[in-house]
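Novice: First the structure, which I've put down as structure tokens, then a few questions once you've had a look.
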Amino acid sequence: MAAPLTLLLIVAVTIRAVLYRSSLAELIAERVEVVSPITAWKRVIEGLALLDLGVSPYSGDVFHETPLIIYLFHFLVDYAEITFMLADVITAVALYFAVRDYNKKVFRKQKFALEADRYPHDCLELIRRPKEMFYIPLKVAMFYLLNPFTILSCVAKSTCGLNNAVISLFILTTIKGNVLLSAVFLCLATYQSIYPLTLCAPAMLYLMQHQFIPVNFRRVSFWWFVTQYLFMFLGSLLVLTCLSFFLLGSWDYMSSVYGFILSVPDLTPNIGLFWYFFAEMFEHFRLFFLCVFQINVFFYTIPLSIKLKEHPVFLMFMQLAVISIFKSYPTVGDTALYLAFLPVWGHLHRFLRNIFLVSCVLLACSALFPVLWHLWIYAGSANSNFYYAITLLFNVAQILLVSDYFYAFLRREHHLTSGLYLKKKDGSEATLVLK
């Protein structure tokens, strides 16, 4: 598998290098679907210019990335293109090894269940085969590296690519079972954009499974592990926060980065749900709906964790999708990260209900984004309602996609315990309904 992966990396880097040298690079860097007020490279350059002049980059309303990002590019600004390509390579390789190790664990667990005769005989066709699982890690790397969303994000030099690299390293270290590195990389991801905090639940559930610690609130071992993980996480976060203070000499970045993410003062159009809604909002209702929208990202963590506590990797996938859809300043780079996991759930295709329709809608929306933007901003023959309509449709399609996979996953798990061909008491065929 080393040769196909190496070839894939070479092809992906070549595509990005060619696009960097093309006239499309500047156009892509201005697209609101690809960059946001937080991740835009233009804003990083302006922050660096202020830093070189001895002025705090957070003194105005231009730069909203974290201090570590600006100091990273203070040294690497001349190698920015290589840095962003390397971030994509790290993400793909980390996902490749994470999925490979996860598949090994799934196959081992499945083998033990077969030997113990835990599966009904009529659902043996649902059992995953080693041959079909062998190429899944490569498909995941391919889905990430060759996804147009990822390529556009890299060519635009969106810092979203760096966030994806950190999250992928968090996923890899979690699946490897390394508690300390998992907490450190989760801390880095949270430090960058707050929302990855919701990944703490699937990480702890997976690591407790790895160490054979039962998820039971009455067990001392459960609370001891939670305390250890949170201590490492919060300790790392404290170190990063203090390091940022020492680099800048002030706490200005707190309001400019985290306050900006949570209060959503910049209503530049993007592929998210916030900008149009709050542009039309009466000011005295703003705080209430802002809390509702922001809580929405974190709210799903508890019910999903309860339902999927035995399947923390699928829970991780669900949480990444929720973050991508409901965060305040999303870009297509966020979407690309969770879409890379779709090959892992390829065995669910027989239970998906709307996959063709949703795929067509996502493709159509991706094509219509620049068209409606041009009609609104340049041609003047449309208005913001047109652009927000396609944004809303794009997010609805993502919600349908994720809920469809959620339904398919739960249905397969139900069949593995109750049998594939369900019957009512009168002998007629039963229909499975997700409630």
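Any Cβ shown, glycine's included, is placed from N, Cα and C.
Quick paste of what TrEMBL says about this protein:
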- 1-25: signal peptide (SIGNAL)
- 68-99: transmembrane segment (TRANSMEM)
- 136-159: transmembrane segment (TRANSMEM)
- 229-251: transmembrane segment (TRANSMEM)
- 257-278: transmembrane segment (TRANSMEM)
- 285-302: transmembrane segment (TRANSMEM)
- 314-342: transmembrane segment (TRANSMEM)
- 354-379: transmembrane segment (TRANSMEM)
- 385-407: transmembrane segment (TRANSMEM)
Novice: Is the transmembrane segment (68-99) close to the transmembrane segment (136-159), in the sense of at least 3 CB pairs under 8 angstroms with a sequence gap of 6 or more?
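Specialist: Taking Cβ pairs at least 6 residues apart, the transmembrane segment (68-99) and the transmembrane segment (136-159) are in contact, with 3 or more under 8 Å.
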Novice: Are the transmembrane segment (314-342) and the transmembrane segment (257-278) close, by which I mean at least 3 Cβ pairs under 8 Å that are 6+ residues apart in sequence?
Specialist: yes
Novice: Apart from its near flanks, which chain residues at least 6 from the ends of the transmembrane segment (229-251) lie with a Cβ under 8 angstroms of it?
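Specialist: Counting only partners 6 or more residues beyond its ends, the transmembrane segment (229-251) has Cβ contacts under 8 Å with 56, 58, 66-68, 71, 179-180, 182-184, 186-188, 190-191, 200, 203-204, 207.
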